[in-house]
Each structure stands twice: as structure tokens, then as C-alpha cells.
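Heads up: the structure comes next, in C-alpha cells.
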Amino acid sequence: MEASVGRLEAWSVTRWLKRTLISLLILLLLAAAGLYAVIAGSKGKLSGEVSVAGLEQPVSIHLDDLGRPHVQAQNLADALAAQGYLHGSERLWQMELFRRAGQGRLAALFGSDMVEADIELWRMGVPQLGQQLQQHASDSMKQWVTAYVAGINQAIELQRSRPLELWLLQGEISPWTESDVFAVGALIAFNSANNHKNELLRLALAQALTPAQFERFLDDGSDTAGFPFILAGEGESQALLSPSAMLDPMDNPNIPRLRFGSNGWVVAPDKTAEGQALFAFDSHDYLGLPNLFYEVHLHFGQQQIRGWSVPGLPGVINGYNDKIAWGFTNIGDTQDLFIETRHPDKPDHFLLDGQWLPAEVSQHSLPVKGSAPVAFTITRTHNGPLIREEPLLSFRWTMHQFDQFADSGMGLEGLLMLNLATDWDSFTAAIDRHAAPTLNATYADSDGNIGFRTAGLIPERGLGEGLYPLDGSRSEHQWQGMVPVTEMPRRYNPPEGFLAAANARVNPRGVGPMVSADNAAPYRIARLQQVLAEDNAITFEQMQRWQMDWHDGQAQALLPALLRQAQAGGVDQDARFAEGISLLKAWQTQPLADTDSAAALIFQQWYLQIADAVFAQPLGEFLYGQLLKRNYVLNFALDGLILEAEDPQWWVEGRDDMVANALAHTLASLHGELGGEPRTWRLDQKQSVALPHEIGKAVPALGRWLNGEQQPWGGTPAAVGRASYRYDRPFKVSHGATVRVVAQMGEQVKAASVIPGGQSGHPLSPHYRDQYDLWREGQLIPVEDAPASAPQLTLLPLE
């Protein structure tokens, strides 16, 4: 009987467990079904017929096998309405993030973690710039934006549920307005010009180091003979910078990254195999899903535009039409910091040339999800808004003076004028209308011309080059105006037959205006100039291969010196050390950072180990950690220390010994990590690339579904085929080409392109990441004309 009871109890427990598990399974299935319904309901309608308010004529839309749209419209406004509809259908979450950041409204969606970021955006003037861009827009621009917004809102109306990301955050989607578009434009203008972070770092370095040591962080190497220019041809502070002032409220994964670091080059017909101008462009930015760019082909009347757009903006940023091709690379220092002196008794008065000037003070309130609104103050001195209290720092940006230039037609109009340009003169006129961000533009046209222009407002500084904060109480430190557009750097049909840009310094001191002293190291631009000069029959396919060129120019420049120093160092040069030296010697003449390269792995880790040895102790943990976030600042300082005469202020234990010890430490560390001997190691054992989605990073259970999976990867931060990572996160590639395109300009433009990820930002779309493998393999997909088949989608005027 007891046994029967025991069996009955066991059976009851088992039955209860089964029922419970079945119930849980049913609940999980229902939850999954509900989640799937939410996600499926947020997919855009991309087939059939859709009516759009304000449309003048029907618009047909063909989608190719990769979801790349060809829009056939009768006029530009209708084409932009179709573009808005496509953006709203495929990238709505991304657009929501862009407009909230541009308007300083992130905390209303994400909560209190984003309050400081929103306040920073407001104090720096980003939302205010969006309002000014809209206020000063021409009637034509307003008409185009209105058409674009109508398309977005029709896409929103047809979606049965919110995007997954908004659903998870319990956020709502609201219709778009014209002001949202101008807010996105303001965000791009700001995010591509944030050199003030380097100024904060240099101020902290100045306070931590002796004046002689600090000078190392002011030299960009541009006075060296042979520096690859595109155009051949002071202040002390006693204010203490608190560690909190170094913390960047904008260093947050929820803030969109929109920084157009890039490569761009053009080749004249005399240097090409086909006798037509060639154009290549790859924009470098944060690698993630969805991709920054959305490809679109707009055909209207007798004109067409094909290129890569930012969701939230009409037209394309980089692209081509029937006559010209253009691409932007980031350049230009348009922001400065000033150390202010506040009146001891009047906190809203600040010193200038012995007089106390009143500041403009305004009160604001910020909505915060789950909390009461947060009040904050904006205090604007004669230099600009205060952004830090310890020390008292104000921020100046060229776009704070946008009102002074708006009457000249500057604004977003310049971008759409560029889309419609047909030759060098109209291209130049469009560039003259571009205010921010400051960019280098490469140009090629179907008549065989090539050119280069720097676009955007650049300040004329009274003193210095904008590398660190100056005393804001002295008028000689202030800006003296803006560089006239007629003086901005330009070249047209140069005798060498090619032009290239890669974020490096544009011109030497004393030759034209100082565009920026805060630039990328010159390794990419030097490599491009080398390969372009060597060949006089350049092909379309070569242009494509160079976009994946993993030649490490930094290694080629540094290794001769480093190898001499390491071999002269007083360390035990055992068999592993000798093998490491041998591998690096064999690699240095052709330093390709292929995935299977042991030498590339050793060099990259050795370089960071040298940085640790040189900078970690004198800077301290916190400040050294900040330096590791600013790769270019570290590059110029460390590379100069390696190549120039030995500086005992930094090489405190002797350069040869420190370099040799760093190599020994690197080899021992890699052996402990990977095992085996140096010749068996591979770069891709440590280096990888991925396309993370921010929700996928935050919620690991969704990561496998939302993220582009981690893959082995080659390249280095200094290669043309850029594989970039922050030095505090080594070998985790986070920045690279967000689009690659090559075009051959002629009567008919031949072009091919690829983006990492895919056209759609919707996880259920077949085009969410269908170009990822092609991108990793370096393939480009031919850009075809409109297919002959019937359109999948027709937009109709709303009756």
C-alpha cells in the first residue's frame, strides 16, 4: 500500500511537472507568437498600391534582389515622397533615434540615463540649429521636405504596430513633421565635427605633464618632408580639469554615430584603361545594424540620382547622377573650447579684455521617461554656451553663427543642389551652399574631369590651431570670422591625374586656410597616392581591390626603427624573440594585414604594449584610459617618439630597452593566449568584426537574431581597407566601410556597390543583413538600371 501511495505521489508530481511545463511552453509559444505578431505588424508595405497625400502623379517602385529601390517619378517632389515612404517602411526605428537625438529628446524614450546627453545636445546647440535650418530654408527646400515627410507618414500609417525596438522600450511612434527632418540635418552637422573631445583630452594632458612633455601631443607630423598633402604648396591655463569633466555624456550606445570618416579618390581618363574617369568612395563609420546608409535610385523626368542616403533626410549624401559623381570624407575643425573667467559676485558675468560682460541665460525643461521633468540652464557667454564647470569651459561651433550666413542660402539646400549638379561649376555652387559638417568632396564627371573641394564653414582663429582650450577672456584668442568660400581648398584636373582624400591634413601651414590640425594619421592617404601614381592604366577592378587593401602603412613606417631598437635592447633574446623579429623583418617590406598573418597580429599588439610602457605610468590610469579612446591623438604622439631622436622625458628606461621589453612581453602574452610558436599565430585568432544591433547587445537573448554575427577579420586601423577599433578595445573592429562604391563615368555610368548588413532595418526582412557576406568578401554588386518587369509598388495621389 505504501509503495502504491509512493507510486501515486510520484505519478502526481510527474503529472504536475508535465502540466506545468506544458503550460509554460504554451505561455512561451503565445508570447513568441505575440512578439512575432508585433514584429510582423511593423513591416512596411512594399507591394501593391498605396495612396500618398500631396503626390502629383503616380510613382512606380521596383525593388531588386537585394531590396535596392528604383523610383520612377515625374518630378523631384514626388520622387522624394517615394524616398520618404521607403525610409519609413524600412528604417523607422533608426529614423526615430536620429530625430530624438537631433531634438535632444532621448531621455523621454530611454529614461534618466540619457538626461546628461540630452542636456549636452541642448547646450551645444544641436536642437536650436535644427530650428534655424528650418526657419531659413528656401520655399523649394520646404516643398521638398514636405513631400518627403508625407511619404514617411503614409508608411507609418500602414504599419500595424510599432518597430520592435520601440515596443521593447514601451515608446510610441508619432507622425513626422518637417522639423524632424531639419533636426536630423543638425545632428549630422554636429556629430561629424566633435573635435572638442580632443581639446578636453589635451587640456588634461597639459595639466598632468611638463610643458616639454605636453608638446608631444601638439605635433601632427605635417612639418616632415614628404607629408602627403592634398594641396602642396600659445596659451597657458592654470585651471584644473576635474576627472568628471573628461567624461563624455555623448559616449553612449543609444546616441547615433554619424561621422563620415572615409576614403575617396578619383582618376582622370589618361590614367585609366578605359579612357574614362574613375571614382571610388568608401564611407567609414560605426558598423552595426541597421547600416547607416540606405541605397536609393531616384528617376524623375529626364534626371536621375543614385546614391546612399541617411534615413531621415531627402536626397543622397554620396552618389552620382547622369553627369557627376561625388563622395564626402570628414575633415575640418569647427569647434573650440574656451576657459572662462566668472565674476566673483555676478555669476552671469564673464571677463573679456578687462570688462565684465553679461551672459545670455535661459531656462529649459527636459521630459524624462519614468521621472519628473528635469530643469536645466543654458548660460551663453561671449564665446558660447558653458558646457563644463571644472574648469569653466565654453563651447564654440561654427553653426552657432549660422544666422549670419543663412541669408546667403547656406543650409540643407546645398545637399539637394549637389544631387542635381551636372558639371564642375554647378557642383562648386552647391558646395558653396554647404555649411556643416566640414567635409572634403572628391568629384568626377562624364566629360572626364576630376576635382576636389573642401566644403563647409571654417573659423579664422586669432591664435593657435584649435588643438586645446584658450583663455576666453582675451579677444585675441577669439575667432576673427569665417574663411570665405572662395578661399576654401580646391583642385581641378591636376597634372598628376588623380586626387585622393582620407581624413588627413589637407594643406601645409601657410598654404591656404587652416582647415584642421586635428586629423587622421597620413598612412591611408600616402598609400592611396602611392598606388595611384604607380599605374597609368587603372581599371574598375583595381579600384575595387584597393578598397580592401590591407597594406599597413603605419607598420611600414615604424618597423625599420622598431626592429633596430628591439634588437639593440638589453633583454634576453630567446628563440621566441628571434622568431618574432624574423617574422616582422620578412613582413615589413609588404606589410599586408591578412587574416592569416602572424606578423600583423604581433605588430598591432606590440604597438599597444609600447604605448602602455610609455604613457601608462606618467599619465595615470584614468587619463591613459582617455588617451586610448582617441586613437589619432595617441598615433601622432607615439609614432613621433618612435621615429624621432630619443626623448628621455618619455623613454625613461631607454628607448631600446623599453621597445625590446614590449616585444618580449607581447610574444609571451600571445603565447600564453594562443599557444604554439609565433609562426603559427594568425591575426584572425584575435581580430573579428560584427554588426551589432544596440538592442541585440543589451538583450543577449535577442542578439543572435538581431546582430550580424561575429566573424574573423583582417586589416588594421591604418590600412585603406580600414578595420578600426578603439585602442581600449583592441581587435574588436567597430568602425569600417559603411558603403563601398566604384563608378566609371561615361555616357552610361557603370557602377557597383555594397553595404554591410542590408537595405532593411526590419529583422524579418530578407534584406536585413543579406549583403554582410558580400561586404566581408570585398565584392561589389553591379548597380543596374530599372528592371523591365512590372513594379512591385505603385504610389498614387490621394483622392
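Using N, Cα and C of the backbone, Cβ positions are placed for all residues, glycine too.
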Which candidate from E199, E215, E460 does TrEMBL annotate alongside D333, D336 at the Ca(2+) binding site?
E199
Let me know how many other Cβ atoms fall within 10 Å of the Cβ of D336 (Ca(2+) binding site).
28
Within the chain of D333 (Ca(2+) binding site), which residues six or more apart in sequence place their C-beta under 8 angstroms from its C-beta?
A193, N195, T438, I458, E465, G466, V515, S516, A517, D518
At the level of the C-alpha atoms, what whole-angstrom distance separates D336 (Ca(2+) binding site) and S262 (active site, nucleophile)?
23
Number of Cβ atoms other than its own within 10 Å, given for E199 (Ca(2+) binding site):
22
List every residue in the same chain as S262 (active site, nucleophile), at least 6 positions away in sequence, whose Cβ is under 8 Å from its Cβ.
F281, D282, S283, H284, G327, F328, T329, N330, A501, A502, N503
What other residues of the same chain, not counting E199, D333, D336, have a CB atom within 8 A of the CB centroid of the Ca(2+) site?
N195, H196, N198, Q335, L337, G466, L467, Y468, D518
For D333 (Ca(2+) binding site), name the DSSP secondary structure in the helix/strand/coil scheme.
coil
